[in-house]
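To start, the structure under review is shown below, and the notes come after it.
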Amino acid sequence: MASSSSNSFNAEELLAFAISLSKEAGHLIRTGRANLAASISTDFSSILKKNSADLVTESDKATEELVKKRIGETYPHHKFIGEESWAAGEENDLGEEPTWICDPIDGTTNFVNAFPFCCISLALAYKQKLVIGVVYAPFLDRLYYGLAGSGSFLVTPADTPPRQLPLQRPLPLPSLKQALIALEWGSDRRQEIVGKKARTMERLCSEEGNMVQGIRSIGSAALSCCLVAEGAVSLYHEIGCWAWDVAAGWVMVNEAGGLTVGSKGHTLSLLSSNSPDLGIVTPEILQGRKYCCVRAIGDLPAGEDGNGARSGKEQQGALLKEFFEAMDEWEA
């Protein structure tokens, strides 16, 4: 049945719908993984002939079909952009109308290998702006949700009521030396691309370079963004994923006081001109396939690092500049 609000925009109603739908989809993801485990036990020779994409496709499609069906039933006037729909050739332009952006299973390699960091990522954009984000990791039973202007939150079995993000008072972050960052090797394994990633990691890790505290590869863009929103990860960067991978997570980051940006060149240009547009998520950035976000940062008192006082926002900009100057960028 279509909602009585299908021709209007009731953000709180839509958020409640997205949370309920994500939990339903999470149940389907768990069922899909159980079915895969059963297939491995009963049809081992057939499974060996399939690659990881083949193993996850059935669950991917079933989950997206469920989400698309529920949205169509409840909000028939809304647009839908999904990973599987895009692969089938459907339009994925971000317009003025309410538009759902869905990755049915973000972290498919994790899903296949029973590594629990996979999730459904569901976002809603309205008038070309991200308004709602929900990320549910069914194997971890962690639900993240955010609403523009109202904050972002984490719900786990131990959390009653939901905990607002970030989970603790943000610490200052004067340089990458204090940063725990998340990067991915990704699926593009061309030697040129892997070489650029390796050189970037070498610069970031070495004592002659930035000497970051550590690098983590989560295997899920959405959950990496959520960890930035939590404050557990300082910065996350990836090239080659898609809008449906990061859209919901970016709502969480922005509502937790973090900063989300696109390509190296565009970000450094905004920083050099002290542009107020830094951190504004345009359709071009959202669909640009180059994504970076940094956590909320606490103000730094004067003298703490040998310099004058610096606001959290100033440190975010400085951290992005330091990171991008250390990396080799490539085209997705």
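Glycine is treated like the rest: Cβ placed from N, Cα and C.
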Out of ASP159, ASP188, ASP245, which does TrEMBL tie to the same Mg(2+) site as GLU83, ASP103, ILE105, ASP106?
ASP245
Which residues, sitting 6 or more apart from ASP103 (Mg(2+) binding site) on the same chain, put a CB under 8 Å from its CB?
GLY82, GLU83, ILE120, SER121, ALA222, TRP242, TRP244, ASP245
C-beta crowding around ASP106 (Mg(2+) binding site), within 10 angstroms:
30
Other residues with Cβ within 8 Å of the Cβ centroid of GLU83, ASP103, ILE105, ASP106, ASP245 at the Mg(2+) site?
CYS102, PRO104, GLY107, THR108, ILE120, SER121, ALA221, ALA222, TRP242, TRP244
Neighbourhood of ILE105 (Mg(2+) binding site), C-beta criterion under 8 angstroms, separation at least six:
ILE29, VAL56, SER59, ASP60, THR63, PHE111, CYS118, CYS119, ILE120
